[in-house]
Amino acid sequence: FDYKTFFDKVGLNAKSKDQLAKVFGILDQDRSGFIEEDELKLFLRNFSASARALTDAETKAFLAAGDSDRDGKIGVDGKTAFIKW
């Protein structure tokens, strides 16, 4: 799974800050203000119910790319940066 290619193909790179905030809200299923590893694992299913879950390795690599402060989660403060890595 190449998240950069995925973001390009689904058009997330061209979305406004408000639109990206909505995407973040969908991914942040527990409304904690963070996207944690268990939520990120199911990332693709937020776009298609029939999509596969990410593997553990894919999830960890994806999380590492978006976890700017290395606390094990992607914070709401970086929600727009999350899509535009």
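Indices start at 1 and increase along the chain as displayed.
Cβ coordinates are placed from backbone N, Cα and C, and glycine is handled just like the others.
Just so you know, TrEMBL annotations are computer predictions that nobody has curated.
Taken from TrEMBL as is:
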- Asp28, Asp30, Ser32, Phe34, Glu39, Asp67, Asp69, Asp71, Lys73: Ca(2+) binding site (BINDING)
- 15-50: domain 'EF-hand' (DOMAIN)
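Here the features listed in TrEMBL are painted onto the structure.
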residue	record	Cβ neighbours (10 Å)
Asp28	Ca(2+) binding site	19
Ser32	Ca(2+) binding site	12
Glu39	Ca(2+) binding site	20
Asp69	Ca(2+) binding site	10
Lys73	Ca(2+) binding site	19
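Averaged across the domain 'EF-hand' (15-50), pLDDT for the predicted model comes to 88.
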